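Step one of this worksheet: look at the structure below.
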């Protein structure tokens, strides 16, 4: 069973470059793991009116922290858990020029020189990416006897919300192709790179091979210069290492690479227990991965003075970071059911890292100069929200064929054993139940019962005769027969408005509601929006009177034919029916909220359609079409949730009607 683990957050301040007019405005207290904001001017007070401190899992020293110390505190333990079979993520976030790329890939220098890059990758300024590769290959060499470890690597960038493969050999097509490549290269006889999640995945056999691919990706990455950063990254970059380990059998000791890693207690206890549970069979595979995310820095155009293409790049960067923040807020809100992962490519790629099954570390790169107090406050607030995100890491065990056959046999044996126990229980309780699949004769008999029930006059009460609910399987068969009857009748819509509480004539409650147009009829998104708006009239509260009910006072007829006045209805709503009324109001609010989200998705889809019509680049058109399909799936799911909320509201309304009638009849 997965255990929720919060995202660990660290703050790394960049050393000050010049003398600061207000050095006391921003302060990083390493011993207390706090960042203090003390506004000194009116302009600073607009962003932070009073002194404020942000507490993180760790705050690194401004000047004394080395790259090695950053890795040991922030990334080494995550890599250790990846070697044990879990997924991991290390992510850097902050304003432009705060040191994110330096933290992740080190002091690159002349990126065109491969020899200089190799020299840097062995020096003290190498970043998290190089050190992660070193730790993984070191673990491969130290792996226990019989353990086979295979390493694969992918490197992508998200530039203007379009994904590009940075290490794909085919450089003619920069936009990422979402296909699966397999087999042998006819020319060289070497296996082609596998495609995973849209990125080419290369098998790496040595540290030097991995460094060559990393150098290739860094060289292809989009970089530009502006007022605040000479080498500003214009895209988000994600380096992923896939680790596949084939185990010889049950292991009694620690996992490869786990010894001496100083992992936290929550990591170590889970790893020890899960390894014992997982490595129980011969030839088992454990697949894990680590994502190293270098996010582009947020920019204020008033400070960077970007224009033209660079201005458009900054707008895409800020937009994607804004969507990322919306995802973080949604994950941290216990009342939110829908997490908007599909709003942009960045949030799609980070789905497993945020609220998924990954151990995640978040590094907030900040600047302590008073000129950047606004950006630092925003970064710290974002990092604080990230602490509310909890993931559920699980061990990634892949069963082999022979292991699967044994597993299937164990399930068959367990199923037979449970059937015997159920039969024994039934004999003791003098009950007779069937647990085997229903025969055609049994289904025909059940269909006859369903038809007799549907033709009966016991609508609206708790009499379900001649139906009997003797087991879960029996209930499922009843539902299937009801569905079969429904399909044969040819009813155009299953949406039926609940009967109103008050009506001028006794038969008003049996009138059908407004028909709902079927989805997917080819009329476009606008028709669906009209359909959403047209259904509001019967989701509204059944207890309303006045103009909404045609100017009549709300009334209800009991079983004895008496008419209830509004005072009694309100009395019931405030007494026994209070919970039902609250549930009704809550579902009505959910319907309105989800409709707004649906309209937003529809607008995004319409914008994409306009871009598809105006675009000539086939690669970009394919990417836009894929994005449109994803949004369409999201909207279909959202519409399904709206229907579900409407059904809940209708059920609450029905129960309120019955409750008022029974209470005052």
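From the backbone N, Cα and C atoms, a Cβ is placed for every residue, glycine too.
Note that the structure is a prediction, hence the values are computed from the model and not measured.
Annotated range for region 'Disordered' in TrEMBL, selecting from 248-285, 286-323, 324-361, 362-399: 248-285. Shown in sequence order, 226, 228, 229, 232, 296, 297, 298, 299, 304 are the residues of the chain, 6+ apart in sequence, with a C-beta less than 8 angstroms from the C-beta of residue 96 (ATP binding site).
Cβ neighbours within 10 Å of residue 98 (ATP binding site), excluding its own Cβ and spanning all shown chains: 26. Surrounding the centroid of the Cβ atoms of 94, 95, 96, 97, 98, 99, 100, 101, where the record places ATP, the chain contributes additional residues within 8 Å, namely 14, 92, 229, 297, 365, 367. Sorting the binding-site residues 94, 97, 99 by the number of other Cβ atoms within 10 Å puts 94 first. In the three-state DSSP reading, residue 98 (ATP binding site) counts as coil. Across all of the domain 'Kinesin motor' (6-389), the predicted model scores a mean pLDDT of 81.
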